[in-house]
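Quick look at what TrEMBL annotates:
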type	residues	note
BINDING	143, 206, 208, 209, 356	Mg(2+) binding site
Ligand SMILES: Nc1ncnc2c1ncn2[C@@H]1O[C@H](COP(=O)(O)O)[C@@H](O)[C@H]1OP(=O)(O)O
Ligand SMILES: [Mg+2]
Ligand SMILES: [Mg+2]
Ligand SMILES: [Mg+2]
């Protein structure tokens, strides 16, 4: 552990992110630095060192009397809070999915569906993070907002969300405060309005990723990640309907479902049952011959250009049919080697959001995989609520990435020359 005695402001911290298991991982990183989030000038904020250093601080900081033993940050507290938050949110989603009423589903302004479970899940995650990490102001970049629930037409829905949230929190037993009011729930949902960015810590949440899968009774995920200075440092994916056994080839020998995947920078990826079995370390497939690979893609045709993914698969000689499932459950399944490739090529004009990939990205990269855009560039989560990327997202192991990139490039060239 790195320690240093320095006179600093109360928010000066030493952060050590241990070395990643995968040098080419697009989410992982390795460095050690000292900084003050608010009080240092921009140029001094993230000096990077190979090893822990005593740093010379600007006099306006050094003059503060507080002496801090700056300890290595391991994100342990945040990791535990994230697992608890995603697991509780998944419990709410499972309950709602069982008793789904038509009236629990609304259409948003982009005509995508949103349910009481999306809102409830977001409120629970926000509540749990606030409670567990009360020492830090919470910055949360999340998909939903309370706009429609604040209208007269949203009153009944808000009552149902509040009931689900309070019932779910009560099942945990560790929060003894009085039940949340509808206004508390609205406030918790709206905590998710942060814009994120390249500086400081931001939680990133998709309260239900794959709402269409959720409504069909298929796959969906609660996806929660933490960014630190624009990098994903931890991620949790709760996949309540994903079989615990492999889904390779779309078949599974076991009925038990409900997986929790989690990964922290430099520590690998683990999976356990949502009911709390002991965790197992998972690893991506080590297939090196693309003919033996199988690939995942969206269930929804509207979410990815399936003619393009078929062309890429043909070039790679992939024999197995695509495995089409909803949500970031694909990243979870990939992280344990159920398939070898995930391809996602949204139709023109669609902008990817960071909450649709942040948790999945670290889950798969810490399991030894690589996630890039269609040009092979790492995914950049530091640009705000959207991912700014070239054409699509591809994920695979390190052996297959070069041939996948080549097939992607050729297929994209053919597609553009045929237009
Ligand atoms: N037109 C679209 N193109 C691509 N992705 C979309 C589109 N509409 C919604 N999504 C998002 O795609 C993800 C589902 O991915 P998949 O297709 O892999 O199952 C979800 O994050 C979903 O949002 P949401 O979180 O609202 O469900
Ligand atoms: Mg949505
Ligand atoms: Mg989503
Ligand atoms: Mg969503």
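Cβ coordinates are placed from backbone N, Cα and C, and glycine is handled just like the others.
Residues 143, 206, 208, 209, 356 make up the record's Mg(2+) site, and a Cβ search at 8 Å around their centroid adds 118, 205, 207, 210, 211, 221, 223, 327, 328, 353, 355 from the same chain. Cβ neighbour count for residue 209 (Mg(2+) binding site) (all protein chains, 10 Å cutoff from its Cβ): 30. Only 209, 356 of the binding-site residues listed as 208, 209, 356 bring a Cβ under 6 Å of any atom of ligand 3; the order follows the sequence. Annotation: 206 carries the greatest number of neighbouring Cβ atoms among the binding-site residues 143, 206, 356 [cut-off 10 Å, Cβ to Cβ]. DSSP assigns residue 356 (Mg(2+) binding site) to a helix in the three-state reduction.
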